[in-house]
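> I'd like to ask you about the structure that follows.
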Amino acid sequence: MHANDIRQDIRKLLKERNAVLLAHNYMRDEVQEIADITGDSLALSQEAARTDADVIVFCGVHFMAESASILSPDKTVLLPRMDAGCPMADMVTAEALLEMKARHPDVPVVTYVNSSAAVKAVSDICCTSANAVKVVNSLPDPEVIFVPDRNLGQFVAKQSDKTFHFWDGFCPTHERLKPADVQRLKEAHPDALFICHPECNPLVVALADHVCSTSGMYDFCRTNPAKRFIIGTEAGILYRLRLENPDKEFILASPALVCPNMKLTSLEDVLASLQTMSPVVKVPEEIRVPAKLALDRMIAIPRD
């Protein structure tokens, strides 16, 4: 089937099903191109909750579709590739987190949204890479348990006077970016600014001109007068950066910055999902309610 025909069929079915198509910033270019909304995982789930769509087609990974289900329990949430998981989210289970909580009684758990619904359900508050510092510093407690990303946790800890207990999780894709990769590119392009995601290793973060979430990268690159940027996050972000800034050059910090799970979803998968109305991601109420509480506490913290 020709790509144009697939796109037409997707658009037709989205209309028929009263569905909204969400694509994460790391998706394949052709999936981002056809999406109704692109963004980071939480922003997408919040946007979806605000729409009057009956069906959410989430082009992302499993925990993202769970977040959409948590925030929109009355909508049908489709994840075109049920095998699109997140290795970092899988590094922590609710049972293991409860054991850690038992070792640190009365210490609040701050959980990065890149986590399963079950883990969110036994957490006190969630955070994103954009608001993690603000979330942690909003808590009155002198200590926090930070789950699951140790790299983001260390980035936050440098901007907080609290004592941190880190879960030993990480994003394998971001972890593949090495300081030597960055130094080599900075030498080759001395006029370029290096911006990276806080999921990168602290040794890489130390080299950055700016550290921010994916949504922060779009804003920074659009408003900064520099004409050349070295990008330290997953390759999918380049699609929109180049689209929005045709006069600027974007260099991926390493060819290893490709997440295999984010690249699983194809246009064919999206079409098949709409045709069959499957696979469905539905978070059970006993997990959804406490998980939503952790997300709601985060959402209630005022933005700058």
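The first residue you see is number 1, and the count goes up from there.
Just so you know, glycine gets a Cβ as well, placed from its N, Cα and C.
Copied straight from Swiss-Prot:
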- His24, Ser41, Tyr112, Val113, Asn114, Ser129, His197, Pro198, Glu199, Thr214: iminosuccinate binding site (BINDING)
- Cys86, Cys171, Cys259: [4Fe-4S] cluster binding site (BINDING)
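Explain the structural surroundings of these features, please.
Asn114 (iminosuccinate binding site) counts 25 other C-beta atoms within 10 Å of its own C-beta, drawing on all protein chains shown.
Packing around Cys259 ([4Fe-4S] cluster binding site) is summarised by its Cβ count: 23 other Cβ atoms lie within 10 angstroms of its Cβ, all protein chains included.
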> Could you tally the C-beta atoms, other than its own, that fall within 10 angstroms of the C-beta of Cys171 ([4Fe-4S] cluster binding site)?
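Counting Cβ neighbours of Cys171 ([4Fe-4S] cluster binding site) within 10 Å gives 25.
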> List which of the binding-site residues His24, Tyr112, His197 have their Cα within 10 Å of the Cα of Cys171 ([4Fe-4S] cluster binding site), in sequence order.
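Of His24, Tyr112, His197, within range: none.
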> Any idea what the Cα distance is from His24 (iminosuccinate binding site) over to Cys259 ([4Fe-4S] cluster binding site), rounded to a whole Å?
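Spelling it out, the Cα of His24 (iminosuccinate binding site) and the Cα of Cys259 ([4Fe-4S] cluster binding site) are 12 Å apart.
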